[in-house]
Every structure is written in C-alpha cells, then in structure tokens.
C-alpha cells in the first residue's frame, strides 16, 4: 500500500508543551485529562507517575497540580489557589486568549457568543470567564434559535473549522448593531485542517489517527470525508481493518494535535505491510 502523509499533522505547540510539563513534574496530579489521547495519558501515568483528578475538592493542599491543556473553569482555578495547592499551568496559550477576550468583552457589556461544543472542557473553561449570560452554539442553526442583543462579541473553540466560524460571523453582522469578531481558532488547527482537505482530494482512503474524544481529530475526519468517503478514525494500529483497504492503492494519513509520533509511526508501519 502506497502511503502519503498530510503536509501538517500531529502534535501542536500546546500539546508538546503540556507533555513536557507533565514529564518534568513527576508524581503530580493533573486536573482533568491533560490531552485527549488515552494512549499518551497511559504512557505519562506509567512512566512519570502522574494521575488524573477531576474533583478539585479531592486534591490535597500539599499536592502539585497540573492544569490541563484545555484550561479549567475560573472558579475551580480560584478554589485551588485559595486552597494553597502548588499549581503548574499547562493551559495552551491559544486557549488562554479566548478566556481573556470573553472576560474583557463581557465586562464591556457585550453578549458573548461562543462557537463550540458546550460539553467540551475548553468551552466550559472559556465561558466561565463571562460576567454576564453567554450563548454557546455549535452551529449556525443553533444560533438562529437564540435571542441576540445589540452588542455581541464572537469567539470560537480553538479547534473549530474556519468556514463555519465565518458563516456565524456573517449572520451576526447582518442582525446586530455592533459585532466584535475574534478568530480564536489556533494556527495549528487551521494548518492541519487545510492539509487534510488537500490530501483527501488525492487519495483512495484516508486514515485519521487520534483520540475519539478529541475535538480537533473529529474535525479532521469530517473534513477528510468531504472529498474521500472512505475516511476512518483510529486511535492506534490495532483498530485498522483490512477490509477498508480492499482495491485501494494510495492511503493518506493525518493525525490530531494530541497524537504522539510513536502512535502515528505504528499506524504507518502497519498500513505499509498491507
């Protein structure tokens, strides 16, 4: 099987930074899953004795805590600080940016519209910085059902698709007196998405490598399917199915921002033997 890799794929700056922080802070607790890749989390737990804790009330005062890349709600961060916990913040700088924008814009009286998945930890963290009621919408259709104020500030989950953000921005501009638009989709996400789109036009089959709970990985799969119907998401090489590759000659591979090189290489090696 011939293989072609996407021009841009895999670990982004924020994930690399977070993993380095975890490796340097052995025996620490991580507030929530550091990244959305179970295989890499297992490696960190095994080799560096870091453990995940979802409840801030269960974190002892004398324990070192790493804040996940997606960030955490403002009230949880303040709780840990008041508790006297030693905090190492691995929140991606690209996530901190929308947190700051939401806080400042809501203080200025703007209604916050956040384009993202309301159940995603990044979105939960970002929206907690709003000082007034904010809207979280995952599509233009959801926005069309909401009541908008005159002054609106639009931000996005960092892993969303730019064309959808532009549709939402256009809708707001047509209906609100004043609209502040902030493109908070991170550069790595945009590059990886464009590379996946370009590659999907050339290949017979696309394999997207990454965690099934990863937002940016699921976005890559959605993009790949636009031009390559036979696109599949796998967490590792063991999830590959031979039947997918029947009568296929050229396989494209891309990977989510939280997918380590060692997993990508294992997938690539197995496909090369088909």
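Glycine too: its Cβ is placed from the backbone N, Cα and C atoms.
Here's what Swiss-Prot has on this protein:
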- 122: active site, proton donor (ACT_SITE)
- 12, 92, 186: [4Fe-4S] cluster binding site (BINDING)
- 36, 70, 120, 214, 215, 216, 258: dimethylallyl diphosphate binding site (BINDING)
- 36, 70, 120, 214, 215, 216, 258: isopentenyl diphosphate binding site (BINDING)
- 36, 70, 120, 158, 214, 215, 216, 258: (2E)-4-hydroxy-3-methylbut-2-enyl diphosphate binding site (BINDING)
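Positions of the features from Swiss-Prot, shown on the structure.
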| residue | record | DSSP class |
| --- | --- | --- |
| 12 | [4Fe-4S] cluster binding site | coil |
| 36 | dimethylallyl diphosphate binding site | coil |
| 70 | dimethylallyl diphosphate binding site | coil |
| 120 | dimethylallyl diphosphate binding site | coil |
| 158 | (2E)-4-hydroxy-3-methylbut-2-enyl diphosphate binding site | coil |
| 186 | [4Fe-4S] cluster binding site | coil |
| 214 | dimethylallyl diphosphate binding site | coil |
| 258 | dimethylallyl diphosphate binding site | coil |
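The Cβ neighbour count for residue 92 ([4Fe-4S] cluster binding site), using a 10 Å radius and every protein chain shown, is 23.
Around residue 258 (dimethylallyl diphosphate binding site), the same-chain residues at least 6 positions away in sequence with a Cβ under 8 Å from its Cβ are 11, 12, 15, 35, 36, 37, 40, 69, 210, 211, 214, 216, 217.
Spatial neighbours are here defined as Cα atoms within 10 angstroms of one another, and by that definition the neighbours of residue 70 (dimethylallyl diphosphate binding site) among the recorded positions 92, 122, 186 are 92, 122.
Among the recorded positions 120, 122, 158, 215, the ones whose Cα sits within 10 Å of the Cα of residue 186 ([4Fe-4S] cluster binding site) are 158. In this entry, isopentenyl diphosphate is bound by 36, 70, 120, 214, 215, 216, 258, whose most widely separated C-alpha atoms sit 15 angstrom apart. Just so you know, the Cβ of residue 12 ([4Fe-4S] cluster binding site) picks up 26 other Cβ atoms within 10 Å once every protein chain is counted.
Of all the binding-site residues listed (36, 70, 120), 120 has the fewest other CB atoms within 10 A of its CB. Rounded to a whole number, the distance between the Cα atoms of residue 92 ([4Fe-4S] cluster binding site) and residue 215 (dimethylallyl diphosphate binding site) is 15 Å.
Listed in sequence order, 92, 94, 95, 98, 122, 184, 185, 186, 189 are the same-chain residues six or more apart from residue 158 ((2E)-4-hydroxy-3-methylbut-2-enyl diphosphate binding site) with CB atoms under 8 A from its CB. Residue 215 (dimethylallyl diphosphate binding site) counts 24 other C-beta atoms within 10 Å of its own C-beta, drawing on all protein chains shown. The dimethylallyl diphosphate site, placed at the center of the C-beta atoms of 36, 70, 120, 214, 215, 216, 258, has further neighbours from the same chain whose C-beta lies within 8 angstroms: 35, 122, 159, 211, 213, 217, 256, 257.
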